[in-house]
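Accompanying notes for the structure given below.
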C-alpha cells in the first residue's frame, strides 16, 4: 500500500477505497489525473493514465527515491513496479516479467522505455565497462526499434505497429549481461507512416538524399499519407547514432536506408497498358530501383511485369495484368519492409545476446522480461491487422485472468483458506472463438486459403457464418439482418472483452496468404549487396523446385502468441495497465465514458475486489523458512518442531504477525505487504549479524591457516638458510685453506657465490682478506732498508696525489740523487759530487734526498738552467754552468709548502716563510719525459714526517692545481702499500 501522499490527491491504492464500486473507482481515477497523479496501485498492479504532456518525474533524483524501496514506501510510480520486479529476481533468483497492456495511445511504449531506463540506472554500481556497454546497447535498441516499428495513426502519433518482448539477462550479482528481443510485426506499409521513412525524407542530409534519389518532399511519394512530425532531423541522427552504438556497420546502415528509399520509389511506380501488354509508365524509376537494390535494371523490370511459371519441365514467363502488377508491387514493398525489420531485430539479438556464459562458473542467469505490444484497437474500418491485434490482447487478458483472478481464487480453495467467491468475466470463450482448431476463425481462414481455385473474401465470410452461427460472441449481417451497421457479404462482429468490434473481410485472404512472387525473391537474392542477399535465402531455389507450403500469417501469429503467453506464464508477472483518457490527446480532458469502458474491459474493478479479499503474498513453508528462519531463535539454524508449518507459526507469532496471516495446507498466506516488508527488514538486520559472525569465524580460520603455513615456511627457510651459510663457509675455507703457500697468495682463487643473506658478509670478508696485514707483511718482509724507505716514500706520494696526476713514476725505481748519475749529467757528475761533499762538511747534512736539473723561472719571467739539491736539512739552488756553485740555500724548516700542476709540465713551486718562493721546472730527465714529480713529493713528505713530530709543527702542505692536500704520517692501508710494492 502506498504512503506519503496527501488525501487531496485521492487514494494512492484502489484497494483503500471505502466502497468498491465503479463510481468510486472512476471518481478516484479522475481526481488523481486532474491533480497530476497519473499512477495508482491495485496492490502490486500499476494503473497508468496517459498525461499527454511531459512530466518531471523520471529524472535521476526520482530514480534514487525508488531505488531499493518497497512498494508502500513511496507514491505510486512505474519505477516502483520495476524495482519490485528487479528485487524479486535478485532476492529469490526467479525470472520475472512486466506486462504492459492497454489500447493504442494509452502510453505503453513510453512506459516500457521508462522501465528500461530505471533498470539501467540502478544496475552496475561498480561501473564495469562491459555491463555499461550492454546497458547502452539495450537502451539504444529501443530507439532503433521504435523508429522502424512505430507509425503515426489517426489515434496515436507514436503507435506500435509491432509487438516487442525483450528479455534482459542478469548475472548472479544482478547486473545486465545481455538480452533477446522477440518481435511480432504485423502491419506493414500502408496502415500508417513508419517513423523511419518520414525521418529519412525530412531529416537525412542533402548528399545522402541525392545518393538515394529522394526529394525532401513527403507529398511526392504515394506511400506517405501523413506528416507534421517535429525534430525529424534530430530523430534521424539519433537513430543513425544508435545503430552505430549497437554495432551496425556503415555498409549495413547505408543498406537499410537504400531499402527504405526502394519502398518509397516502388510506391511511385505506375503501370499502364498498350493493348494486352502491361507497361511501366515512369520507366526511369526502374534504373533507380536497380541502383538501390544493386541488381540489373532489366531484371527489376522483368520481375515487376512478368511471373515465371513452371509447368512440368517447361518454364514460361507469364505477363502480369495491370492489377497483378500493382498487387505485386505493393506486396514487394510490404515484404521488403518486413524482412528489413526482422533483419534489424536479428542483428540486434546477435550483438546483445549473452555469449560464453557458463552457469557453473558465473552463477545462475536470471531474466526480467518487458512486454510492450500493440493495444486493443477499434477503427472505422477494421481489417485483418486489427483482428490479430485484438486477438493478441484477448490472449494477454486471458493470462491476466488466469494469473491474477482465477488462479488466486482457485489457490485459496485448494489450500483451504476461507474465501468468498468473486464473479469475473472469463474471456476464454473469445480466445477459443479465434484459435480453436477446426472451428476457430483462424482455422476457417486457413482452410479457405488452402482451397483449390479462386477463393474470395465473401466465400470466407460464408464459411464463418456456417460454422459460427450459434456462437454468442459472433454475428454478421446474414445472421442479424436487422443490424444495419454491418454490410452484407463484408462485415462480421465479435463481442470482445473490450467491446464489440466489426471487421471487414476485404483483404483477409490475401493478407493471410501473404504471398510474394518467387521472381521477387530471386531478384533480391541475386543482388550484389551481401546484406540484402542475406535477407532472402529462399531466393536461391530454382523455379522447378517444389517447396513445402509456407505457414499462413494467421497461423504464424497464433503460434507466436501461444508461445509468448507460455513464456510469460513461466515467470512471476508484474502488470502495468495503461488507460487513454481521451481521443484528442488533451492533457486536461478526462472523458468519463471513454475511461469507464477501458476500466471495465481491463477488469480493474474485479482486480480490486480480489485484492481486498485476498492475500498479498503466499509462500511454501520450506521456502518461507529458508528465507526468514534467522529471525527466530526457534528456527535458527534448524528447528526441532514437528513440521515446517509449526515452525512458521512459531516464527510469525514471535514477530507479532499472527493476526495478519493464514495457514494453508502447503503455504503461508500474508494479507498485507507491510508484514512482508517488516519481515524483510528484520531479515536484512539479522543477515548483517550472520555475515559478520561468518566473516569473523572464516577470517579466524584463514588467519590460523596462514599462521601455520607461515610458521612452517619460516622453519624451512631458517633451516635452509643455515644450510646455505654453512655450505658457503665450508667452501670458502676449502678454497682459501692453502693460500699462504701459493705464489700469488691466493689472488687467482675465485670466490664462491654467496647466498643472498650473506652478500654483505661476503663483501666484509673480501675486505678483511684484501686488507690483511699478513699479506702486506708477506710482500715486504724480504725488502732491504733502502727499498723499504723508497716504498714508504711512494706510499706517501700515492696518498697525496692519487687521482691528481696521471703519471707518478711509481712503476720505476727511485734513484733520488740523479745528478750523480752519468745518465743525467754525463760530463759534470764529478763536479757535482765534489760540491755536494763540501756542502755536507759545511752544513752537516746526513744524506742527499733528491737532485735534478731544473729550469728556474724568476719574477721577471726569465728562465735559466739551474740544478736542485735537496738534503735532509737544506734545499740548494745551484748553477750547473759554474761547476754547480751553490746560489741559494733554504733550510727545510723554512719550506711551508709545495705546489705542483696536474699536467705533464713537472712545474714545482717551493713556498717559504719569507714569501720568496722558488719556481722551477724539472728537466734533463733520461729517458726524456720521465716523471719525477711523484718522487720529489714523496721524498719531501717522507722526510718531513720523520723529522717533524706530528702535532707540534703543521705538516707540509701540498698544492695541486690550487687544491690543498695536507700530509701526515702514512695513512694508506697496508694493503695499498702491499699492492704498490707488488707493482714495483
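In case you wondered, yes, glycine gets a Cβ from its N, Cα and C as well.
If you look up TrEMBL, you'll see 102, 103, 104, 105, 106, 107, 108, 109 marked as ATP binding site. The domain 'Myosin motor' annotation in TrEMBL covers 9-684. Under the heading domain 'TH1', TrEMBL lists 803-984. Annotation source TrEMBL lists region 'Actin-binding' at 561-583.
Taking the features listed in TrEMBL, we show where each one sits on the structure.
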| residue | record | Cβ contacts under 8 Å, 6 or more apart |
| --- | --- | --- |
| 102 | ATP binding site | 48, 108, 375, 376, 577, 578, 579, 580, 598, 602 |
| 103 | ATP binding site | 375, 376, 377, 393, 498, 578, 580, 598 |
| 106 | ATP binding site | 48, 50, 375, 578, 579, 580, 598 |
| 107 | ATP binding site | 48, 49, 50, 51, 578, 580 |
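Confidence annotation: the domain 'TH1' (803-984) carries a mean pLDDT of 76 in the model. The number of other CB atoms found within 10 A of the CB of residue 105 (ATP binding site), across every protein chain shown, is 24.
With DSSP classes pooled into helix, strand and coil, the tally for the region 'Actin-binding' (561-583) is 9 helix, 8 strand, 6 coil.
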